[in-house]
Structure formats: C-alpha cells, structure tokens
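Remarks on the structure that follows.
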Amino acid sequence: MKFFALFIYRPVATILLSVAITLCGILGFRMLPVAPLPQVDFPVIMVSASLPGASPETMASSVATPLERSLGRIAGVSEMTSSSSLGSTRIILQFDFDRDINGAARDVQAAINAAQSLLPSGMPSRPTYRKANPSDAPIMILTLTSDTYSQGELYDFASTQLAPTISQIDGVGDVDVGGSSLPAVRVGLTPQALFNQGVSLDDVRTAISNANVRKPQGALEDGTHRWQIQTNDELKTAAEYQPLIIHYNNGGAVRLGDVATVTDSVQDVRNAGMTNAKPAILLMIRKLPEANIIQTVDSIRAKLPELQETIPAAIDLQIAQDRSPTIRASLEEVEQTLIISVALVILVVFLFLRSGRATIIPAVAVPVSLIGTFAAMYLCGFSLNNLSLMALTIATGFVVDDAIVVLENIARHLEAGMKPLQAALQGTREVGFTVLSMSLSLVPVFLPLLLMGGLPGRLLREFAVTLSVAIGISLLVSLTLTPMMCGWMLKASKPREQKRLRGFGRMLVALQQGYGKSLKWVLNHTRLVGVVLLGTIALNISIPKTFFPEQDTGVLMGGIQADQSISFQAMRGKLQDFMKIIRDDPAVDNVTGFTGGSRVNSGMMFITLKPRDERSETAQQIIDRLRVKLAKEPGANLFLMAVQDIRVGGRQSNASYQYTLLSDDLAALREWEPKIRKKLATLPELADVNSDQQDNGAEMNLVYDRDTMARLGIDVQAANSLLNNAFGQRQISTIYQPMNQYKVVMEVDPRYTQDISALEKMFVINNEGKAIPLSYFAKWQPANAPLSVNHQGLSAASTISFNLPTGKSLSDASAAIDRAMTQLGVPSTVRGSFAGTAQVFQETMNSQVILIIAAIATVYIVLGILYESYVHPLTILSTLPSAGVGALLALELFNAPFSLIALIGIMLLIGIVKKNAIMMVDFALEAQRHGNLTPQEAIFQACLLRFRPIMMTTLAALFGALPLVLSGGDGSELRQPLEITIVGGLVMSQLLTLYTTPVVYLFFDRLRLRFSRKPKQTVTE
C-alpha cells in the first residue's frame, strides 16, 4: 500500500515521471529507422567466374569444382550452390545468421586466392565476389534510354560512371547492369574471302593483336632536356582497323577490310534490355543483407540529381521500379490503424464508465505506454516495421486492460460513496496483485519466441520484445499514473451520464443481470458445461498451413524459360511479345526486362503494378489473369511471382518455392528429374512447375580423325583455335581509353553462321601453309548437351520450382510432393528436400506445437509461483482451448491459411484470454479468505463483480484488433491473419469462459474436497 500511496499523494513526481517516459519515447521514435520487416536477411555472398566459350560441363568441372572445394572450408557456410552455364560460373554462399558479412567476405577472398592455381590459365580475369543475394528482387531499377546514343554507349555510361558511384552509397550491395555490353570493335570474318587469300583465322588474330600494343617506349634526354617517347601503336576505332594489313598474297597486301566487316559495336551482341517496349539499359540495384531498404532507397534518390549531371542531356535516366512506396504506404496504414485502435479502445471505456473524466485517464495512460515503448525499441536497435507496429497495435488492448482494471475498481468504490484519494488507494490495493499477475503471466508467453532460432526467431524477436516492453510500461503506468489521476480527477458520486448513453447503461445492467441468472443455473448443472468444454477441447480442425502470408508488394518478378535450342534473335522476340501482353494489362504501370548473356534461352522481367487504390485486384489475382494470356505464347513460358519482403536462399528460380534433387550420380539425376517434374506438374496443389535442369540444348558434336590430322600436318590445338576464333566471340585485343578498357572481338560474320553449313566453309592452315578444310579431318553430328550444370555442396543438383494456385497452401503442396515422391519410387541415389522458403516452412511446422506447449508451460509456472498453487493455474489456463478453436474457426471462415503470423495470434491468445480467468479467480480467492464465503458463493460474486471489467477488456481487445481485420490497404494481407486469430479466439472464449471458468474452478475445488473428505456445498441464492 505504501508503494501506491507514494505515487497517489505525490502527483507532481508522478506526472513528471510520465512526461519523462513520453519524451524519451518521442526522441526514440524520431531516430527509429523504417523497414518493411525486421532485419532477417541471411548473409549471402556471390562468387562469379568466367571463361569465354567454355561449355557448361567444362565450367563446372574446371572452374566450379575447385572453387567449391576451397569455399566449402569456410566456417559458417550453411548452404553452397553453384550454376555453370556457357562461359560462366556463379557460386552462392549462404552463411549462418550470426556470421559477419565483412568477415565472411575476407574468408571468401582468401579461399579464391587458395584455389587460383587450380583454375584454367585461359581465364581472362580472377574470380570476383559480391556481398548481395542474386535471388532477391532489386530494391530499385534505373533505366537509360536515348534516341541518339547506341546501346553500347549507354551501357558504357551505366557501367563506367553510374554503377561505381551507386555502389559507393551506404547500403548498396550490388549494381547489376544489363541490356547490352561494353562497346567494342567487332571483326566479322568472311570465310570465302579468307580462303581465297590463303589467310587463316589465327593469322588475322595475330595481326590484330600485334598491331594494337600498349607498351612503354622509354625516354630520351640530353644534358638539359628530357623527351618522353610516344608512338601510334594503338588502334581505337573500326575505321582505324579497317585498312590494317594482315597478310601478303602474291606480293599484294591483304587488308582486314578485304576479308572482314569491321564495326564499332559491343562485346556481346546477344544481349537485349527493354523498358515499356523501348530499348534500354537496366541498372538493377540490390542492397546489402544488413542494410535498411528505405534508407538505402532514400540515399540513392538523393544521389540521382548528381548522377544526371554526369551523363549527356540526350540520355534519359528514369526510375523504372522502386519498392519503397508500397513499404511506406503499408507502414502508414499500420500507423493509421494504431491511431484508430486507440480511439476505439477509449470509446469502449467511455461507453462502459459513461464519464468523460474517467475516460481521460486511459486516454492518457495508453499513449504514455505506447510512446514510451519507442525508446526501448531504439535502444534495442529495432526499426519501425509492420511487425513492430502491429505489436503496438495489439498492445493497445493490453495496456488499456491494466488501466481499465484499476480504473473500474476505483470507480466502483467512488460510486459507493468513498472519497477519491481513499478510493484510489483502496481500489489499487485490491487489484494491484491482479494487474501484476495479468502482466507477469503475459510476458512469459513470448519467451519461447525469443528463444527460437533461425529465421522465425529473428523475425518474431522484435514483435515479442516490443509487446513485452509495452506491457511492462503499462504495468508501471497503471500502478502509478492511473491511480493518481483517479484520486485527483474523479469525484465521489455516481457518474452523470448523457441521455443518449442511458440506454447503453440499462442494456449493460440487464446483460449483467441476465448473466447472473444464467450463471446460477450453470453452477448447478456443471456436468453439462463440462461436456461442452470437453467437446470444445476435442474439436480438431484441419486447416491449411503456410510459412508467411502472401504479400502484395505491388511488384511482380517473372522468369522466361524458352525452348533450349532457341536462338537469341527468337528469344528477343519472345521477350517483346511477353512484355506487350503484360503492358496491355490495366493493372500494370511499368514493365522492364532483359535477356541474353550466358543463358540464351532465359530472361527476366520486373513488373510494377499500379497503387492499390488504383486497382481492384490483388497481385495474385493479376498473376492468375495474366497466366491465361501468357500460356498462349508458343515456345516459351513466363512464370510470374509476387515479390515478397522475405525470400530465403540464394537460388535464382522462376517461382516462389523450391524442391531440390541431389545425387552423386549425374546420370541418375538426369534420368529421374524429368519424371519427377512431370509428375509434380500434374498435381492440382502446384502451379508453374519448372526446373533449372536444362540438358537438352542443341549441340554440334565434332569428331576429329586424329590419323588424318597427323597425315595432313594439323594438330588438335590448331583445330580448336579455329573453332574458337570463328564462333566464340573471341576477345583478341584490348583498347585502352582514359575511362575504361574495351575489347576487339573476332568471329565469323553472323551472316555466314545461320546454319550448319558454316562448318564446311572453315579451314585450317597446316604446317606446310596449305588450307585444309575442316571437313577433311572432322565429322559432325547434332546431339543434346546441357545448357547449365548445377551443384549443391559438391553434389549434382536440380531444383524444381513451383508456385501455389489460388486456394492452395504450402502445407497442401508439401504433402502432395511427399506423396508423389513415394508413388514414383525414387531410388535412394536421388535425394529430394525442400529448399529456401519451403525448407524454413518445414522447420517451423515441426516446432510450432513445441512453441505453444512451451508458452503454456511457462505461463503455468509463473501463475503457480504467483498463486502458490498447482491447481489455480489450471483453472486459469482452461480458457485456452476455446480460444484456440475460435481462432482456427475464424481462419477457416476467412479462408486464411495458418501462417507464422497466425501462430503469433495463438500465442497472444494464451496471454489475452487468461486475463478474464485471472480476474475471476483472484477475486474468488480473496472472497474466500476474507469474506468467509463458500467457493460457489465466492466465484459467483467474483463473476458478477468482474463482469464489467471483463467485458471492457475483451471489447477493448476486440475493437483494438478490428481496424487491422477490416483494413484493406497496402500490407493488409500481412496484418489480417494476426487479427483474425485474435478476434476469433476472443469471441469464442468470451462466449464460453464466462461459464466454463467458474465450472472448472468448482471442479478443482470439489476435487480438493474429495481428497480432504470435506462435505459438498451447494449454491446459495
């Protein structure tokens, strides 16, 4: 009592304490960063290596494998995957959460250095690494377009000036430039002209290489002067290469222009980028794993005016995609919902107490508790994100509960005629332990969440801590500020209510009287209620499950997968066709895409949807609509998926979820992967089934006749060099410019490589100087070859990706895949497992039951300690089954799967619904100890006296949650599962626990009496 009196009789100190809490919270709020979700990105590093012209199998065996063996020794690597395609290898390293990305980068560089001696000597550069996850959607896409500059020149501006500057911005992890390649001088050889002049391709390559040399020439000096020697040893443009003499034939000079077409072009002509049907260069910006997306985007936007000044005015620099607007809109929705929730909660208090003065008290207590929480969030390094703001919204119902219990009890004494200060002291003393029990038993609910490991633990930590801090501050405010304000603001009289509120008061009295009559009947018919309770507990609801609610971020990402033998020209046409279909959709605002590079038959598209208030469909509905139109395009597929704020793993795939097949036997993997993929494609629980295994690419297999080659004076190296010179876009020389270095690229003119007959026109100069046609010593035949070779760890791997059809959940898909694998009888040499988000879902499902049991056990222990009883905690926890059933029924009603967010709702219900039981049990025990009442009389009186605060706290929680349930703006799909579970659980538990709690209380009392052989007592009227 002295503790309460200290604050009641010292109002100035109490007010200043509350002001201090509020000011600290305001300061913390201003410094908190903004993010869509808590920081849960895995540290990911991507290693890239290239060997132009090398086949995927060559890249896998000679480049990927040595690097993997070295990189696999790094501590903290949780997953290592690689993909090798034509001339390129990419290795993705995913590290444990607690691994520092900078320390990991140093280890990666050391591993690359250690493997350098095992790599092919012909690699043009050392392997490089980037601290970014290539599977993440870019946080921003910039486009460069121009009516006067070529694509190569635009690419040069982007890669030389823009990308390095953007990479230096804090938070940027990687800037990927696509849509073309650097400028180059391209030499397109004419085979017949070379044959007529007796010039080999190696002669041309050597002549060009020797004619463009950058070497130091030294200096001259005399006694007084020094002269630097400079020569015209470099050729920089196509016009300068055109007259280059490469050979003499019968005394006549053969110039390069006589046997080739020389143009100023680009290094790789098999690249294309577009934005809204216009050729463009794309700058795809990804953030560092630990970076804040909003801060990074803001920094990039602030830099854009400066970047615009560094490029010519004829180049148009635009933002094609920015993920931050929907994030900001989502957070604004939650903030508005929080304000509405506070207003509704205060309205509930006003309706029940029907006093403006009394309503002011929780109207002050709630903001103080919530605002003060921001200070703790800042000290903990948290951010303002959807989950932390949802925690504060939910906390609105919790923090007002404490104030309501204290306020209502003090108001009851005032209505009985007690003086304000005495009523404040007496009322707070009576419910102080109750409020303490309610708060202390609520916080332990979140301990299991705090102890969770991996992604779910990281994701829920901010939510749990934020809510716990808000409850702690609320406990302090309810026992200090609330009784002080009651003692000094309220009067010792019945509240004078307005006429329009009298009807509500009469309704409340009638409701309480009706409850009292029904409760008397229930207490004399406990077996019937027991049957209802047991039936409720036994109800088992099968509900679909998923990892995280499918978000509508306003951004779609699409992967194009075409026939494996498609040409680049045809693939570029597919990109244009798909972009037109999507651009014509009324819900689409912007479309960008690119194709080419080492994967000729694939491409990527990024689609920005119109804001939510300008479209009526969700992202998934738009995907479903587009899927029908896109399926009509022959020879290629475009797989669309909505970009999510959480994406696990480093695999680049064409769908949201992955199932990986591993085998040490590559032949077995290639045999079984098509069977498994075709089976999964027939399952109704899956959509957009596709695979990264591409082993049916068209190949021309040349077989050398070595005996004939030896007889003709030709070696294998000369023959291979011929093929590389002719068809490999071989980089044969370097052009040095002040800002960058450019290449001279040689190949047979594409006009002469349109079909297989191009091989018949190739010839090799033998050791006698004679031109020997390739067909003299080689035979060729078409065959199939892999377009890519994939590894996970050191095993061959193939990843099957899939999306979920509308109405299906991840648990449905998971079970269907397991059944399909069993039905197919896949041998033990081929192992299947979920990857990425699907893998985390499996791990989370396995731990959910344990989490709920741990939360209940923790609450039981705390309640047992507080009440010094093994029995009373069971009475209080008997409210949980009905709440759980109500939550699951509500999810079924709204057709919402059980996700990680719904799990939070179940955990919260454990803390919410037991408050009603605590208020009943606490007053019943007090009445038995000090009022000499029988257990039946005590629990009956407790139920009646606590009916009003129980209704107030429950309705406050309901009204606090309703805005989130009913909100339909940005991010609503993330918030609604939490509120659906809470509202459903509260409604069900409120209907049942007002009756089941007193019945359970009496059941345990009778059990105690039976063991102590005391006579049974009956209800007294």
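Glycine is no exception: its Cβ is also placed from the backbone N, Cα and C atoms.
Positions annotated as transmembrane segment by Swiss-Prot, on the basis of sequence analysis: 3-23, 333-353, 360-380, 387-407, 431-451, 463-483, 849-869, 893-913, 949-969, 980-1000.
With a cut-off of 8 Å on Cβ pairs spaced 6 or more residues apart, the transmembrane segment (333-353) and the transmembrane segment (3-23) reach fewer than 3 such pairs and are scored as not touching. Among the listed stretches 360-380, 431-451, 893-913, the one sharing the most Cβ pairs under 8 Å with the transmembrane segment (849-869) is 431-451. With a cut-off of 8 Å on Cβ pairs spaced 6 or more residues apart, the transmembrane segment (3-23) and the transmembrane segment (463-483) reach 3 or more such pairs and are scored as touching. Outside the transmembrane segment (893-913) by six or more residues, the chain places 394, 397-398, 441-442, 445-446, 448-449, 456, 459-460, 463, 467, 543-549, 807, 809-811, 844, 848, 851-852, 855-856, 859, 879-880, 882-884, 887, 957, 974-982, 984-986, 989, 993 with a CB less than 8 A from a CB of the stretch. Sequence-distant neighbours of the transmembrane segment (431-451) (same chain, 6+ residues past either end, Cβ-Cβ under 8 Å): 4, 398, 401-402, 405-406, 409, 457, 460-461, 463-465, 467-468, 471-472, 474-475, 478-479, 851, 854-855, 858-859, 861-863, 866-867, 876, 904, 907-908, 910-911, 914-915, 918-919, 922-923.
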